[in-house]
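These features come from TrEMBL:
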REGION    1-24  region 'Disordered'
TRANSMEM  86-104  transmembrane segment
DOMAIN    121-593  domain 'Glycoside hydrolase family 9'
ACT_SITE  HIS523  active site
ACT_SITE  ASP571  active site
ACT_SITE  GLU580  active site
Amino acid sequence: MYAANHWGGSLEIANENDHEDQNRRNKNMEDMDKASLYNTQSQYSGTLDETQQSWLLDPNDASRKKNKTRYVDLGCIVVKRKALKWTLIAVFVAFLVIGLPIIITKSLPKHKSRPPPPDQYAEALNKALLFFNAQKSGKLPKNNGIKWRGNSGLKDGSDATDVKGGLVGGYYDAGDNTKFNFPMSFAMTMLSWSVIEYEHKYKFVKEYDHARDLIKWGTDYLLRTFNSSSSKIDHIYGQVGGSQNGSATPDDHNCWQRPEDMDYKRPNQLITAGADLAGEMAAALASASIVFRNDIAYSKKLVKGAATVWTFARDSGKRSRYCRGNLFIEPYYNSTGYYDEYMWGGAWMYYATGNISYLSLATNEGIPRHAKALMDIPSQRVLSWDNKSPAAMLLLTRIRLFLNPGYPYESMLSSYHNATSLTMCSYLHQYQYFNWTKGGLIQLSRGQAQNLQYVVNAVFLASVYADYLDASDLPGWKCGSAFIPLDKLREFATSQMDYILGKNPMNMSYVVGYGKKYPTHVHHRGASIPDNNVRYSCKGGFQWLSSGKANPNIITGAMVGGPDRFDKYRDVRRNYSYTEPTLAGNAGLVAALVSLTATGGNGIDKNSIFTAIPPLYPTAPPPPPPWKP
């Protein structure tokens, strides 16, 4: 007979007695389902041999019932009942273990996590910025925060009738009461550069508005020192106050008085030629315009002022050193040239305006040649208020790394990049390019006094360059044939800053107010004279210069001149080479600290500095419309 096969096809079983019945059953085979067919087959199981019985199992066999697999029809799929059971159990367990805790967590009230505690660099940064509050001249805001300071210099520039509002405001340079435009402009440029690169860090440590206020205090004053509403000028007021060596006339050096008590004449220095001063002022105003890019009116005012002094700087009849022959300036802030300011100012003017002519000038091969920027000499590796070449070349390298402008700028930008790499190599102890103290401090001043102001500038450059390379996905750079990873550069930067903050043979911090031990006899008129409602005369105040007592007023955040080449420091007020802070030095300190702190994240703000720069290449045309038959 023929029986239907559960697994398809037919199954033939021969039995001659059943042929007739089988023929009858075959007529109805198409109307029978598999279950009825299976029961029909079971009626004849007794006549089947063992092989045949192994194919046609009897559903009533008790031994088969235990092993029967049961299925559940879910409509779209048939699954084993046992598998379905364990699947449901697994889902339930997963809900209890994973889902329920998530639901509970989501339903609980949300609490903001506490921000990470500030690191030592952020703490020092908070203090370093306060130094600028202590150096303010003019009518102070109520929130200035320095209790022992008051209004001062309110008659500055009263005889300068060609400038609106006189020359009130700005900053005193150091421990004296002189306002020098040249280092003040450099200080504002450094502060602005640090804010542009590390705006996110300033905001996280809640110093962003403070830093901007300090920059504006400086740039507002710089705008007063020339006719900023004009497009062309023939002079700049480059200094207020000061003194001449050997003079007995009461002045900022022959008198020891608080700024609030000054009663002597403060002369103005009129500058009719000085490409270096004007170039640095242009850099300060241009960089600040980027900081204040969200204040459109003020930013435009800064750009206009920058363009005016830049025109002065580029005037062929005014291309000389601003200090030449001026006995009020030359002994103190003597500029050695102005071509480095052409590179530096040109770079900032390009960033501020996007005008390609500024980049063309900054990459003109004659400019670095006259500045000696590419020469392999130690002095060209040291950034200072006088020499901007290392910073200018790094700033222009930034353009190469991120914008890649190509021809005709690539050749000179590549040279700047190579020179910058060599400068970074010179900072590494292993190459012994500079001398180092036994305590681990690099000697960028070649053994001379007040070395720390140059060290903090090098720290900033090294830290920024490491961040530039990191943002470009470059793990390091080459010093000759040796590959140097970025960690080595960062180790240099942190080791020098740690030395300044207390990890040195003297076990003292050279930043006032930071750490347990720091200078207490700072060479500073306002800090050394008690704020006791007594007005000390020009000569009467010298008793406080000679006093062996600690300063009655703590000038928080001031970085002093620092130790000598033997790691020794003398905390003596009269010895200004050890104990006097400066505006330019503290600007480098602030920039270095914000670059190093990890509080608020790492890395630079890659794009904000390029806001004013249009695309260097024509934009691709839009795709053609889709073809229609």
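Cβ atoms here come from the backbone N, Cα and C positions, even for glycine.
Around the Cβ of GLU580 (active site), a 10 Å sphere holds 21 further Cβ atoms from the protein chains shown. The candidate set comprises the active-site residues HIS523, ASP571. Of these, HIS523 has the most other Cβ atoms within 10 Å. The average per-residue pLDDT of the prediction over the domain 'Glycoside hydrolase family 9' (121-593) is 97, rounded to a whole number. Rounded to a whole number, the C-alpha distance linking ASP571 (active site) with HIS523 (active site) is 9 angstrom. Note: the CA-CA distance between HIS523 (active site) and GLU580 (active site) rounds to 5 Å.
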